[in-house]
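Undergrad: The structure that follows is given in the form of structure tokens.
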Ligand code: CP
């Protein structure tokens, strides 16, 4: 079956998932992002690669980092950006997702950036649009968050240079995490030595071992000797029923404190996609500490999203 992210020439035309992306494509995105990073130091932080193109930000779920950095990225590429306010749009009157897309297409949209609570929504849109229109998944349900994974890969490459000797631990609510799934696919493709998943049994999905992931329910054991720690938020909004005794109990066993972080390598980096719940999955001393690269992730997100939009639009340098 043809990869729905690729056009008939094998080029990336939509970004829907890190699953199925080749190492060459991921590396091309990271290299392109790297070429955009110095732009942030210039007086005029713009390049004309998407001049005259219209980017529609469609966020059917809340977002701070992804939505804002997509907007900044599109503006730095000189695109015209339209942020649809979903709450005051005709979606609230019952218009279907595909009717909304058809109407925005009639307004000459070129790129749709889509976040949706339903897994698969960006795939549906990608099947529906004409070939000259591009869809970028900004997070769908618990399925995928490919640009977050790509900015995570960029951050890891920036601080650790080479993926092949790394042990990466992903900690917390992996069951509900689209970031964890997308990170695991990207880390596997980039050839890290070991991926670990750490969390309570109730928050670990089935099938992790089949994906080549080592599973730990004891955080102290799981953190021993790791190079990268990716902390995840407890996604209460996606939990049906009580999967945990309490936030305090969770913090005691799975919250990242300085004491627990000391079990990782001394130069380990700490990442978090945000939003963070301080005192639940991460202690402030770690979140604001010298090993945290959490705000670097946000900054790199702009360059990575510039790279993704310019590449899918066939406009990259
Ligand atoms: N990491 C992330 O997706 O954050 P937002 O929900 O703020 O976009």
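Indices start at 1 and increase along the chain as displayed.
Glycine is no exception: its Cβ is also placed from the backbone N, Cα and C atoms.
Pasting the relevant annotations from TrEMBL:
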type: BINDING; residues: 65, 66, 115, 145, 148, 274, 275; note: carbamoyl phosphate binding site
type: BINDING; residues: 93, 178, 233; note: L-aspartate binding site
type: DOMAIN; residues: 14-157; note: domain 'Aspartate/ornithine carbamoyltransferase carbamoyl-P binding'
type: DOMAIN; residues: 165-311; note: domain 'Aspartate/ornithine carbamoyltransferase Asp/Orn-binding'
Undergrad: Give the subset of the binding-site residues 93, 115, 178 lying near ligand 1, defined as CB under 6 A from any of its atoms.
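TA: Checked binding-site residues vs ligand 1; nothing flagged, none.
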Undergrad: Could you state the CA-to-CA distance between residue 145 (carbamoyl phosphate binding site) and residue 178 (L-aspartate binding site) to the nearest Å?
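TA: Residue 178 (L-aspartate binding site) has its Cα 6 Å from the Cα of residue 145 (carbamoyl phosphate binding site).
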Undergrad: What's the CA to CA span in angstrom from residue 93 (L-aspartate binding site) over to residue 115 (carbamoyl phosphate binding site)?
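TA: Cα of residue 93 (L-aspartate binding site) to Cα of residue 115 (carbamoyl phosphate binding site) measures 19 Å after rounding.
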Undergrad: Over the residue list 93, 178, 233, recorded for L-aspartate, what is the maximum interresidue Cα distance in Å?
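TA: Output for L-aspartate binders 93, 178, 233: max Cα distance 32 Å.
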Undergrad: Max CA to CA distance in Å over the carbamoyl phosphate-binding set 65, 66, 115, 145, 148, 274, 275?
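TA: Greatest Cα-Cα span of the listed binding residues: 16 Å.
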Undergrad: Which one of the binding-site residues (274, 275) has its C-beta surrounded by the most other C-beta atoms within 10 angstroms?
TA: 274
Undergrad: What is the set of residues, excluding 65, 66, 115, 145, 148, 274, 275, whose C-beta falls within 8 angstroms of the centroid of the C-beta atoms at the carbamoyl phosphate site?
TA: 63, 64, 138, 139, 179, 273
Undergrad: Rank the binding-site residues 65, 115, 178 by how many other Cβ atoms lie within 10 Å of each Cβ and give me the one with the fewest.
TA: 65
Undergrad: For the binding-site residues 93, 145, which one has its C-beta crowded by the most other C-beta atoms within 10 angstroms?
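TA: Max Cβ neighbours within 10 Å, all protein chains included: 145.
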Undergrad: Which of the three DSSP-derived classes (helix, strand, coil) applies to residue 93 (L-aspartate binding site)?
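TA: Its secondary structure by DSSP: helix.
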Undergrad: Relative to the Cβ position of residue 66 (carbamoyl phosphate binding site), how many further Cβ atoms are located within 10 Å?
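TA: Total other Cβ atoms inside 10 Å, all chains included: 25.
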Undergrad: What does the structure give for the C-alpha distance between residue 275 (carbamoyl phosphate binding site) and residue 233 (L-aspartate binding site)? Integer Å is fine.
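TA: Distance (Cα to Cα, whole Å): 7 Å.
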